[in-house]
Amino acid sequence: MLAASLVWFALLAAPSPATSTEFVAIPGGEFRSTIRYAEEDAPRHVDGFAMSRTPVTVAEFEAFVDTQPQWRRDRVPSLLADRGYLANWQDADRSGIDGDAPVTHVSWFAADAYCKSVGARLPDWSEWEYVAAASPTQRDARGDATWRARLFDDGTPRGIDARANAVPNAYGVSGLHGTTWEWVGDFSTLMGDADKRGGEDGDRLQFCGSGGLSFNNRDDYAVLKRVALLSAMEPRSTLGNLGFRCARSTP
Amino acid sequence: MIRASRNLLHYALVCALGFGAPLAVAASNNNAAPPTGAPIKAVLTAPPLVPPATNRNAPANVVVDLEVIEKEMRLADGVTYNFWTFGGTVPGSFIRVRQGDTVEFNLKNAHDSHMPHNIDLHAVSGQGGGAEATFTLPGHKTKFTFKALNPGLYVYHCAMPPVGMHIANGMYGLILVEPPEGLPKVDKEYYVMQGDFYTEGKHGDAGLQPFSLEKAIDEHPTYVVFNGSEGALTGDHALTAKAGETIRMYVGNGGPNLVSSFHVIGEIFDKVYTEGGSKYQENVQTTLIPAGGSAIVEFKADVPGNFVLVDHSIFRTFHKGTLGILKVEGEKNPTIYTGQQSNEEYAPAAGKGGH
């Protein structure tokens, strides 16, 4: 009921009909992240924005590669994508696989470029987490232990949104808890990177003394798994089960 | 924009790994010298088998190749579980090296894994037991090298957050670091490792059973088993020996939660290398094996029979699965054990009536 009236369509300038992306308006609100940010324990306000209803598909990404051939796997610089980039495609410009499936084997750089090409951007982690907290019936379903337990299967073919009978969440957004993980725009600001490892031992010990305190909810293993995954990524990395979707700030 | 501290989150992850690297202890003089010679590829075995003794009188360069594989496997009759494994089995492949060896450790994470994994070997003296060095994405491989400074039987496990879940899903195994003189020769060696499993359904509920975080936090396992499934060491899979043979079991406990009171019904352990260390206790009935710890038990199978491996926290044996069989065949020896010699009624005491 709340989502239907908020759906709006954005037909894009790209040449192929495969690139029509449907965005859903997400009303802003207060949200207590599972992750505790430095010096900030209170719920934070997430501004209203729009998120694509589904993950970017293989067909949509084929159309993107057509119009921006510098993102073909045989042309992309290795600085921007690792060797796994689109490695599951039959050819550099044609996937030969299900066009409706979420595109995977894409780097953060490529995902970022795709979203820009449709006049959008990657969602921030806080936006992603905010929308992904919704079940089909509740905008914040994190108190529903049964629903939350199913999220352990995120990133696998058993994910709740990978099922044939999966329905959109309370915002009208689909596929957030499916077979594929999703990039977020600010993943690198969320996570420690290789440069931080092994350094600053004093601080490390200090925090180890209060281990786990940086998660507001240390039982939220689905989010913890997702954070662990994203923390392992570099912007040029690709994975067979990592895709993305786009977002737009509200004008 | 998020103003998250990357340090803070990183520390949270590191803390969640539960790093506790063993203290470095100086190696004996014999083993301080760097190994020479061509690298040796370590033989890895699936449980309950153990690789052959290294039979070396000098340290070597040893290469270990281990792959993380996530797969659905049998947990009990009619019950399956999505295990995460080192080498495709629970517990993971047994690794055997010698004190003083320099071990090049290669960890692969299978292309179809859904998330990154790593390995913390308790045999490693160094940051995270190798966990940070082996932070491995699906479809990637990582490498680090360590010197096996201390002899003993050590647990290894995945230390990716959330650590408890990785261990609960079966990501543990054993690495033996032989002392320079090796271990005394025995007739049979076996690899047994206990683990507790937490499923949404009750014990015996059929089908693919999802992980229950609630039960794991409450430490109420649905299954407590040896070698990854109920029946892994019974029936056709029973361990075997002949009467008169000496047997050594490398026994680990992956946990994630329970401590094991390991016992073999009808046997006395002649030696127990308590907690997998260098000293042995003699003439032990039941030995305590901590979660994330081990023991080496040795005994002579004096007489034939079916000897039952249990966790003597005994409800686990009959209701959750910690039951294995060592089937010993051979000649009976009535001077040690006669079997039943009589079974008859005995007369009631006068005036007390019959039964």
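Glycine too: its Cβ is placed from the backbone N, Cα and C atoms.
If you look up TrEMBL, you'll see B:70-181, B:227-309 marked as domain 'Plastocyanin-like'. Per TrEMBL, region 'Disordered' is recorded for B:336-355. Residues or ranges marked as signal peptide by TrEMBL: B:1-26.
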For this session: Sort the residues of the region 'Disordered' (B:336-355) into helix, strand and coil with DSSP and give the three counts.
Result: 0 helix, 0 strand, 20 coil
Exercise. Could you count the residues of the domain 'Plastocyanin-like' (B:70-181) that DSSP puts in helix, in strand and in coil?
Worked result: 13 helix, 52 strand, 47 coil
Problem set entry | Composition by DSSP (helix, strand, coil) of residues within the domain 'Plastocyanin-like' (B:227-309) | 6 helix, 47 strand, 30 coil
Seminar exercise, completed: Model confidence for the domain 'Plastocyanin-like' (B:227-309), as mean pLDDT, reads 98
